[in-house]
Amino acid sequence: MAQERTLSIIKPDAVAKDAIGDIISRFEKGGLSVVAARMMRLTREQAEGFYAEHRERPFFNDLVGFMTSGPVVVQVLEGDNAIAKNRELMGATNPKEAAAGTIRADFASSIDANAVHGSDAPESAEREIHYFFGDAEICARG
Ligand code: RTP
Ligand code: MG
């Protein structure tokens, strides 16, 4: 299977719960390696730009408000089939629908405060990785 990279964000609710370590452990145990990482507080402009595809959606303001409500951890994950693997480890957007054992089932409290973000396709992964990281900040393994 192809080696891929994907952009992951540990959202403010999970950071506030001190679940950073547990969540990164899920990725590592699931076969994904961290190749770049930064803790930061998103500005409104950064959050709006990141979620620009959702600009017209009714939940956009709440989403931006939530994503700027506290610090997040942005990271690049690398591994076989990393984009789909990360989404599988995350579980469904709404934690009520997330499969048992997924990150959202275990750490999310609502559809808004849902613990993690993951890129959903190769094109979005490319855009989202470079939204936060320059090539020199991504550390090759091996
Ligand atoms: P994400 O982008 O954060 O990884 O989540 P996702 O792909 O599973 O879901 P997406 O459709 O991209 O939505 C982005 C975030 O917006 C919030 N949302 N709220 N109230 C609603 O109906 C609703 N739908 C989406 C969620 O917090 C979701 O993670
Ligand atoms: Mg999404």
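From the backbone N, Cα and C atoms, a Cβ is placed for every residue, glycine too.
Keep in mind that TrEMBL annotations are predicted by a computer and have not been checked by a curator.
Listed in TrEMBL:
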| type | residues | note |
| --- | --- | --- |
| BINDING | Lys11, Phe59, Arg87, Thr93, Arg104, Asn114 | ATP binding site |
| ACT_SITE | His117 | active site, pros-phosphohistidine intermediate |
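Features as recorded by TrEMBL, highlighted on the structure.
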{"residue": "Lys11", "record": "ATP binding site", "Cβ neighbours (10 Å)": "23"}
{"residue": "Phe59", "record": "ATP binding site", "Cβ neighbours (10 Å)": "12"}
{"residue": "Arg87", "record": "ATP binding site", "Cβ neighbours (10 Å)": "18"}
{"residue": "Thr93", "record": "ATP binding site", "Cβ neighbours (10 Å)": "13"}
{"residue": "Arg104", "record": "ATP binding site", "Cβ neighbours (10 Å)": "23"}
{"residue": "Asn114", "record": "ATP binding site", "Cβ neighbours (10 Å)": "23"}
{"residue": "His117", "record": "active site, pros-phosphohistidine intermediate", "Cβ neighbours (10 Å)": "20"}
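A distance of 7 Å separates the Cα atom of Lys11 (ATP binding site) from that of His117 (active site, pros-phosphohistidine intermediate). Reduced to three states, the DSSP call for His117 (active site, pros-phosphohistidine intermediate) is strand. Maximum C-alpha to C-alpha distance over the listed ATP-binding residues Lys11, Phe59, Arg87, Thr93, Arg104, Asn114 is 21 Å. When the alpha carbons of Arg87 (ATP binding site) and the residue listed as 'active site, pros-phosphohistidine intermediate' are compared, the span between them is 9 angstrom.
Taking a Cβ cut-off of under 6 Å from any atom of ligand 1, the binding-site residues Arg87, Arg104, Asn114 reduce to Asn114.
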